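**Student:** Got a structure for you, written out below as structure tokens; questions coming shortly.
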Amino acid sequence: MVSYLKPAWLLCFVFKPSTTKNKNGKSHFVLSGHKNANFMHNLLVKKKKRNTTSKISRSLTVMKPIYQFFAVFWLFFLPFTVISGDNNKNLIFKGCASQKSPDPTGAFSQNLNTLFTSLLSQSAQRSFASTTAGTDNATAVTGVFQCRGDLPAAECYDCVSKIPKLVSKLCGGGGDDGNVVVAARVQLSGCYIRYEISGFRQTSGTEMLFRVCGKKQSGDPGFAGKRDTAFGAAENGVKTGGDGGGFYAGQYESVYVLGQCEGSLGNSDCGECVKDGFEKAKSECGDSISGQVYLHKCFVSYSYYSHGVPNISPLSDGEKRQHTERTIALAVGGVAVLGFVIVCLLVLKSAMKKKSKYDSY
């Protein structure tokens, strides 16, 4: 009823009757109230603005749960996308010789491409290979690849396949400018390739190329003893490694260690190289809870877990670890989708209830 009375009330308020006289002196009624009309016009404009503001407020109220959901969804599920990612192809370091050799005929470049092709094809069957491309000693190129000992063949191949383009991108001198970098090494987390032209100076197998130490220091009084015991186990373990060079991954109490030698090293030399790597890790990283040291012919790494080493699949069983990671990724993805659908339905239901409530007014 109020909605029907408003127009009549407003009309009476805006245009109130009054009397006036015409030229003949007769009185008659007129509707006056110009000021009232302006006042009501302004009143209606303000009311319209309030209605618009109210509608916007209701819309934001309805949309607020949706914004909150996407914020929670993004923050909660983003870490899982990182966990399920492939980390074997992360760049660790690159080493590029400063010297470039002229290649007017393109022989160096052709041999280098042949070398990469040969190494890549072999990475599908083994974790280490060394080969030479070119019959002329003046332009021959020698190179090796090696994958981490726990990688299955498919992952090894995938890792090695990324390096040839990286060599050109990171070191340059791929022959496009008439010059070739005489030696280079690109190390990813799961594999590496290094090459050198014939006659390039030889490097000691224990020369340190790169190291990285964790920023956090251990507060465990027994840390050094546990670390050194784990290092000793790794030194002995690499001596019994199989094809592709000595490889060892294991743990002692709260310390997880990994060591691997280039496939060209014998068991004794491998043990000495890894031992030297761990000595450098102790001197370079001190009490850091983690460290990685890359020497020319071997690398070592360790991690300390104050609450114990988490369950890690045997790294030599790469296929099992790969299957487990994929299963986890699929499970997390399924939970994410299911949660997304459920929350969307709840948000929609809430929005419909609020809309019905506002409409009733």
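A Cβ is built for glycine as well, from the same backbone N, Cα and C atoms used for every other residue.
Because TrEMBL annotations are produced automatically, they should be read as predictions rather than curated entries.
Per TrEMBL, transmembrane segment is recorded for 65-83, 328-348. For 89-200, 205-307, the entry in TrEMBL reads domain 'Gnk2-homologous'.
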**Student:** Determine how many residues of the domain 'Gnk2-homologous' (89-200) DSSP places in helix, in strand and in coil.
**Tutor:** 34 helix, 39 strand, 39 coil
**Student:** I'd like to know the mean pLDDT over the domain 'Gnk2-homologous' (205-307).
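**Tutor:** Summing pLDDT over the domain 'Gnk2-homologous' (205-307) and dividing by its length gives 90.
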**Student:** Tally the residues of the domain 'Gnk2-homologous' (205-307) by DSSP class, grouping H, G and I as helix, E and B as strand, and everything else as coil.
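**Tutor:** Final tally across the stretch: 37 helix, 34 strand, 32 coil.
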